[in-house]
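Trainee: The ATP binding site annotation in Swiss-Prot covers Gly609, Pro610, Asn611, Met612, Ser613, Gly614, Lys615, Ser616. Sequence annotations record features per position, and here Swiss-Prot assigns region 'Disordered' to 797-817.
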Amino acid sequence: MPQKTSDTPMMRQYMEIKNQYPDAFLFYRIGDFYELFYDDAVKGSQLLELTLTARSKNADDPIPMCGVPHHAAQNYIDILVDQGYKVAICEQMEDPRTAKGMVKREVIQLVTPGTTTDKSAEDAKENNYLTAVNFDSKTKKYGFAYTDLSTGELKVAILDDFDSVINEAVGLQTKEIVTDESLAESFEERFKELNILVSKQSEVEISAELSYLIQDLTSSTEIEVVKQLLTYVQTTQKRNLAHIQKAVAYEPSFFLRMDHASKYNLELTRLIRTGKKQGTLLWLLDETKTAMGGRLLKQWLDRPLIRKKEIISRQDRVQVLVDHFFERSNLQEELTKVYDLERLAGRVAFGSVNGRDLIQLKTSLLQIPKVRHILEELSEPVFDDALEHLDPVSDIAELIQNAIDEDAPISVTDGDIIKDGYHAKLDEYRDAMRNGKKWIADLQAQERATTGIKTLKIGYNKVFGYYIEVTRANLANIPEGRYERKQTLTNAERFITPELKEKERIILEAEQKSTDLEYQLFKEIRELIKKQIERLQDLAKQVAELDVLQSFAVVSEKYQFVKPTMTKNHAIEIKDGRHPVVEKVMGHQSYVPNNIDMDDNTDILLITGPNMSGKSTYMRQLALTVIMAQMGCFVAASEATLPIFDQIFTRIGAADDLISGQSTFMVEMQEANRALKDGTSNSLVLFDEIGRGTATYDGMALAQSIIEFIHQNVHAKTLFSTHYHELTELDQSLEHLKNVHVGAVEQNGNLVFLHKMEDGPADKSYGIHVAKLAGMPDKLLKRASVILEKLEAKDQAHSDGVETPVSKATPVESEQTPTMIEEQMALFETPTKPVKSSPKEEVANQLEQLNLMDMTPMEVMNQLYKWQKKLRK
C-alpha cells in the first residue's frame, strides 16, 4: 500500500508543530523558503497573492502548498499581521547538511498584531500597543495593562467599568488585547466589533528575569494583569526582553478624559471621512523631527494634563523656544540627525540589531552634546532639569566609533562589520585574506603573460572555489599539462592547479576565522550596549520631550498662537478664537475668528443659526483650544483665559454605529447620557443638534430636558446647538443659559454667511438657502419655498393669540378639516417660474445695498473676491 503524502516524517513534524499554533499561519522553513501547507496555503495564497501549488502533485492526496523566500518573508508576514492574523515562524535549528535524520525545527517567534516590532518608516511615529485586561471579582474593577514591545513602555491602570476599558483601548489604537476567563463573552465581542484581536492567556507565570518589572506595583489587580500581559509576551516572543521597562501605574482621572466617541468626533488623530492623519489636530501640531518625539506628541494629545503646575511648566518652556528663533532652529537641525533611540534599544535587547543600527545609534549619541550646548546657551532655568538628564552616553558612542565600520552591511554574520585596528587577531586574519587575494591577482597577471591569453581570468564560486577560466577560442594556447580540467561550460573551460587550491585553503580558512571572530566580537559589543539600555531609554525620553516642545513652539509662531492663561475659576474668555485646522486648510486671510465669552454665571451657550454657517466648527474650535492649552501648547486666538477641565464630552455629527446595529438616535442618546451621568462642573460638553434623530416633538422635548438637566444638576460648561428655535425661550427660565447665533443675511434672495457669532437667537434657519448653495435644482427650491410659506401660514393660524411655551407642545389635530385638505393640495400646485437675475445684476444689487461703513477692510476684500469669482464664471 503506497504511503500517504501526509504520512512522511517531515509532514508529521509539520502537523505536530501546527497543532500547537492552530490559530496562526505557520511559516515552515525548508531550505531558503518558508512553506505554507493545507488551509494555511489555500488562504495564504489568496491574501498574499501567491501561486497555490501542491506537494506530491501526482499523488492521490496532494497537499496544497505555497511559499515565500526567507529573505523576503518579513514583507509577507507584515501583510498578514496588518490584516489581524498571527504568524508562527518555524526555523531549522540545525544545518541540514550535517543533521542526522529529520532536521530539527522549532517556532522561534509568534508574530501577532500587538507584538510586531518591525515597523516601516511611515509607521515610525506610531506606537504599536499590546494590551491586556481582566476582571477582579473581589474589587469589581478591571485591570488594564499595555506595552509597546518596540520601545519597552509598560503601563497599568485600574478601571471602574468596561466603558473605561474600551476608551483606553481605543485611545491607544490597540490591535490586540489579551484576556483570561474572567471577561464576559459579550465584552470580547465588543473588542472584535472594534477590529481588536482577542487572544487568550489563562495561565499566568513570568520568568524570574522579568519579576523586577512588577516590584513597584502595590495592587494585586495591577500585578495580575501585568503578569498576564508579560506571560503572553514571553510565550509568543521567545526572545530577550531586557528593554521592557518597569511597570508604571497611571490613573486616567489625572488627565483630561475624553471617551472614544469624543476623540473620534473631534478628529484628533484620524479624519472621520478618510481615516487619515492629514487634516487632524495631530497633523497640525506635528513639527517633530524624531520618531520618539512624534509618538510622545500623540500620547500628550491623547492625555492632556489637568494639573496647573505641569501645564505651566510646559508653557514656559514653549515660550522660551518661541522667543529664541535661532536657538530653536539649531535645536531642530540637531534633532533631525537623531534616529529612533527607543526602538534601537529594543533591537539591541531582542538581539536583532545590526551594524547599520549601531552606526545610527552612534550618530544619534554624537548629537546630544550639541543639544546640551544649545540649552546651555539659552541659559533658562526652565531647561535645567533637561540638562541634568541629557546623558550623552559617551562611552557607548566611543565604543561604536572605535569598533563598527561606517559602511557595515545589514548582515551580522558575513563579515566586514568590525573596523581594522579594533582587534589584533582579526587584523591578522584579514592580512592573510588580503595577501592571499593579492597573490591571486598576481597569479592571474602571470598566467596571462605566460600563456598569452589576455582573457584568462581567475574566479571564485562556493561550489568549486577558485578556478582559472579560459574561453574555448583560446584552449589551444594552454601549454600541455599546465592545468587540471575542473568544469566545462558552453563557451569556456575551468581549470585548477595544486598551488591555486593550496592558496584557496589558506584564504578560505582565514575568511572563515575572520567572519566567525567578527560575529563573536559583534555579540560582545551588543552585550556591552545591552547593559546601558536603561540609560538609552532615559535619554530617548528627554529628547522626545524637547522635540515636542520645539514642535509646539514652531506651530505657535507659524500660526500666531498665544499663550493661554489658565485659571482656577470657571470663566472662559477667548478673543478672536479660530479652529486651528480649518484655518490652516483655508488660509489665514479667509478665516473669520470668533469670541467665546462664558463668565462664571454662564454655563450654557444655546447656539442657533443656518446649516453650514459654522456652528459645529465653533464648538469644535473650543474643544481643540482646551485640548491644546492643557497639552501645554499655545492656542489659536489673540487672547485666551481658560479654566482647567477634567473631561470633554461631545455629540457632533451623526455617525451610525452600523456594526453593532445601533441607529443614529440610539448612539446620540448613549453619548449624551455619558455626559449627563459622568460630567461635573469642571467638564466641557458639546452637543450638536441633539434630538434630530427622532420625531420633532420627541426631539424637542428631549433637547429641552437635557438642557435643563445640565443646568440644574451637572453645571458643566456646555455649547448646545439646535434647530429647535422654540428652545431659545429657555433663557427666560434658566439663568445660566445664554442665546447666541451665527450671523447670516439675505441679499436679493441669496444667503450670505457672516460666520460671526452674535448674541441672541437666530430669526430663521435658512434651510432652503443652504439647499441652494448645495446646487439643488431651481425648480425644486422654488417649490420648497411655496411649501414653506404654506406651512408657516398654517403654524401662524394655530398660534395667533395663544402663548405656546416650549414645555407645552401644540397638540396634533386628530381629524383633517376641509380647510386643511385644501392647504395640503395647494402645496402641490405648479409654481410660477421665477425670473432669474444675471450675475452682473446680482452683484450690482448687492453693491448698491452694501453699507461700507460697517465693514472692515478684510470683509470688503473678501466680498470683492466673491464678486470677482462670480463674474468670472
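Any Cβ shown, glycine's included, is placed from N, Cα and C.
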Trainee: Setting Gly609, Pro610, Asn611, Met612, Ser613, Gly614, Lys615, Ser616 aside, what same-chain residues sit with their Cβ within 8 Å of the center of the Cβ atoms that define the ATP site, listed in sequence order?
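Mentor: Output for this site, in sequence order: Val742, Phe753.
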Trainee: Return the residues near Lys615 (ATP binding site), defined as same-chain residues 6+ apart in sequence whose C-beta is under 8 angstroms from its C-beta, sorted by sequence, else 'none'.
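Mentor: Lys615 (ATP binding site) has long-range Cβ partners Ile607, Gly609, Asp688, Ser721, Val742.
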Trainee: Quick one: of Gly609, Gly614, which of the binding-site residues has the smallest count of other CB atoms within 10 A?
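Mentor: Looking at the binding-site residues Gly609, Gly614, the Cβ with the fewest others within 10 Å is that of Gly614.
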Trainee: Using all protein chains shown, find which of the binding-site residues Asn611, Ser613 scores highest when you count other CB atoms within 10 A of its CB.
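Mentor: Buried the deepest by this measure is Ser613.
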Trainee: Around Ser616 (ATP binding site), how many other CB atoms lie within 10 A of its CB?
Mentor: 20
Trainee: How many other Cβ atoms sit within 10 Å of the Cβ of Pro610 (ATP binding site)?
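Mentor: There are 22 of them.
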Trainee: Tell me the coarse DSSP state (helix, strand, coil) of Lys615 (ATP binding site).
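Mentor: Looking at the DSSP assignment, Lys615 (ATP binding site) belongs to a helix.
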Trainee: According to DSSP, which of helix, strand or coil covers Pro610 (ATP binding site)?
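Mentor: In the DSSP reduction, Pro610 (ATP binding site) maps to coil.
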